[in-house]
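Enquirer: Okay, handing you the structure first.
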Amino acid sequence: MSPCNFKYCYSLLNVLRKVCYITSSYSLITIGSMRPIITELDNNKRGSIRTDVADLVMVKYKCSSNGVPITQTNGSTLPLVPGSSKDAEFGGYNPFDHRTVQYPTTDMETFIHLLKGSLGSGILAMPLAFMNAGLIFGLIATATIGFVCTYCVHILVKSSHKLCRRMQVPALGFADVAEVAFLAGPPAFQKFSGLFRGLVNTFLTIDLLGCCCVYIVFVAKNIKQVMDEYVLDINVRWYMLMMLPLVIAMNLIRNLKYLAPLSMVANFLVGTCMTITFWYVFQDLPPMKSAPFITDWHKWPLFFGTAIFALEGIGVVMPLENNMKTPQHFIGCPSVLNIGMAIVVLLYSTVGMFGFLKYGDKTEGSITLNLPKDELLAQSVKVMIAVAIFLTYSLQFYVPFEIIWKGSKHRFTSHPVLFEYLLRVLLVVGTVLVAIACPNLGPVISLVGALCLSFLGLILPSCIDLVTCWEEPGLGRGYWRLWKNMVIIMFGILGLVTGVYSSMLDIIVTFNQ
């Protein structure tokens with residue numbers, strides 16, 4: 001190499017070194033095998049870089065949420081992120097202006113999905129729950145549980161909005177909220193971010209796919225009861241197998257917006273079933289004093305175990321909110337959430353109170369089983385409720401599939417749409433096969449649901465609220481936010497214990513039979 005060329009290369013290297021030194025205070029930094037992070041220049045200290053972990057955002061959230069391919073995170077082409085995350089939280093960044101949803105849902109469509117996600121087969125068991133609580137105590141406890149569950153959804157969504165503004169990303173899923181909250185929280189909690197993300201995804205997937213299996217069993221058994229009475233007595237597993245093509249076809253719908261008509265039909269059928277049921281219930285209704293107002297305390301765990309997990313619909317909340325055209329209408333007063341949950345609690349309380357008042361100690365596990373077996377109108381209720389639960393399968397399936405697909409789609413880059421459909425089919429077939437192999441799966445899934453939903457619906461939202469607000473705006477005067485969340489966490493532990501207790505009793509009874 002000639003001296004001139006060598007001198008030119010040396011000068012060029014010096015220039016590059018100075019450029020790298022200047023931009024290092026305001027760029028993406030990757031050290032060794034550490035996870036890439038985005039840092040900011042602290043305007044209050046000249047020449048210094050902010051290293052507060054509370055203001056650091058994982059690259060995958062910045063890139064995926066703002067349309068930057070994740071493959072660029074190892075290079076130098078990432079956009080710089082100016083400003084303070086705290087400033088963004090207080091009005092500098094509005095995540096709702098940056099959301100790009102291909103098929104957004106309206107407020108009414110979200111309201112319909114919320115009702116369908118909450119009005120499951122649990123409403124049919126509320127008379128039995130009231131039998132274990134009493135009329136007055138059952139009403140008060142149902143309203144209390146409904147309020148606590150709704151409030152937990154509120155603080156979860158509010159934490160999501162706060163983190164979106166703080167981190168300058170348009171939307172976060174349930175697992176993302178858990179991970180980012182701990183990652184950007186106090187230093188002592190940051191090491192738990194990955195753990196909580198994994199717990200959320202695992203519990204949601206197990207619980208909701210388990211619900212899908214139970215739905216298949218529930219629909220098949222209700223159809224079998226009607227067919228046995230009027231047509232032919234065949235094994236319940238054949239009905240599950242005959243349902244398989246219809247379930248596959250329904251779950252090839254990929255967007256929540258296109259599932260709204262199915263939820264609307266399901267809500268109409270549930271409403272019709274409840275109307276017919278009330279028509280039977282209000283005939284020769286006994287006086288109020290014929291039923292106990294409160295039962296012995298040792299029966300209360302069975303009530304709490306049924307009511308908490310009948311009212312809890314935390315799994316579908318974040319997907320519904322993230323797919324809304326106007327997500328700011330989801331919480332507030334009035335809001336889609338408040339109106340929807342008020343209707344749900346009112347329906348559950350009404351069915352539970354009057355169902356128990358009508359049938360008393362003869363109340364069955366599902367109120368439809370108390371209806372006359374020799375009347376066509378009463379039998380039609382079983383068919384309609386079976387169809388309604390069948391149409392609910394897609395909404396329950398949506399969340400676990402999104403979790404599984406999001407974690408595996410990077411392996412199928414050649415034909416992603418084809419592989420997505422194949423995965424949908426395989427998962428649906430898997431749930432039907434599990435239902436066929438174990439038609440008495442309900443008590444086992446109830447046990448899993450007791451563990452999962454207590455954590456997801458009550459304990460985790462309180463933990464997220466604490467970690468998100470720990471530094472800003474703080475725990476409040478007298479640490480009221482800490483005590484408030486600790487009460488909810490204890491309530492969640494109570495729900496977990498009572499749910500596990502009632503589920504274990506069901507398992508023992510089922511397997512003894």
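Including glycine, each Cβ sits where the backbone N, Cα and C put it.
Automatic, uncurated: that is what TrEMBL annotation is.
Since this is a predicted model, take the numbers as computed values, not measurements.
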Enquirer: Quick one: sort out which of 11-30, 111-130 is the transmembrane segment according to TrEMBL.
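Expert: Within the set 11-30, 111-130, TrEMBL attaches transmembrane segment to 111-130.
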Enquirer: Before we move on, state whether the transmembrane segment (377-401) and the transmembrane segment (199-220) share at least 3 Cβ pairs under 8 Å, counting only pairs 6 or more apart in sequence.
Expert: yes
Enquirer: When you check the transmembrane segment (302-320) against the transmembrane segment (332-357), do you get at least 3 Cβ pairs under 8 Å, counting only pairs 6 or more apart in sequence?
Expert: yes
Enquirer: Looking at the transmembrane segment (421-442) and the transmembrane segment (199-220), are there 3+ C-beta pairs under 8 A, with each pair at least 6 apart in sequence?
Expert: yes
Enquirer: Cβ pairs under 8 Å only, please: of the recorded stretches 111-130, 199-220, 236-253, 265-282, which one is richest in them relative to the transmembrane segment (448-470)?
Expert: 199-220
Enquirer: Below 8 Å between Cβ atoms, which of the listed ranges 111-130, 199-220, 265-282, 332-357 makes the most pairs with the transmembrane segment (136-157)?
Expert: 332-357
Enquirer: For the transmembrane segment (332-357), could you work out the same-chain residues 6 or more beyond its ends whose Cβ comes under 8 Å from its Cβ atoms?
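Expert: For the transmembrane segment (332-357), the far contacts come to 107, 110-111, 114-115, 118-119, 122-124, 126-131, 135, 138-139, 142-143, 146-147, 149-150, 153-154, 157, 274, 277-278, 281-282, 285-286, 288, 290-291, 307, 310-311, 317, 324, 363, 367, 370.
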